[in-house]
Amino acid sequence: MSEVQKKLQELSDSYQKLQGELSTNVEARQKLESQQQENTTVKKEFDLLDDDANIYKQIGPVLLKQDKAEAVMAVNARLEFIEKEIKRVEGQIQGVQEKSEKVKMEIIQIQSAAQQPQETSA
């Protein structure tokens, strides 16, 4: 295998690995966005409730009564955490996309450089 082919194979493997990473990060972001939507809905439901309404939290197979203020604080904290995680994952996605684009451009450059000598000899 020539040096150019080895380099192309390495870059191709690297590109595929980056695409896999990108896919994993996109799935993570989708999961976080789903959780965010779910918690936003819960927060809206809490806003409709009276302050003395009964709220229960499921812990394993048991439902425990919970104070509304405590429940609202927990949901707000979860939403804050989810937003931070979404920003972190989006940063990772952007980084992987940039790396992937660089590798892709490098592959294209090597391929076009390899094709030019073939065209001149033909």
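Quick reminder: no glycine exception, Cβ is built from N, Cα and C everywhere.
Where the annotation comes from TrEMBL, it is an automatic prediction and has not been curated.
TrEMBL lists 1-45 (among others) with the feature coiled coil. Confidence annotation: the coiled coil (1-45) carries a mean pLDDT of 93 in the model.
Feature annotation from TrEMBL assigns coiled coil to 72-106 (among others).
Residues 11, 14-15, 18-19, 21-22, 25-26, 28-29, 32-33, 35-36, 39-40, 42-43, 46 of the same chain lie 6+ residues outside the coiled coil (72-106) yet bring a C-beta within less than 8 angstroms of a C-beta in it.
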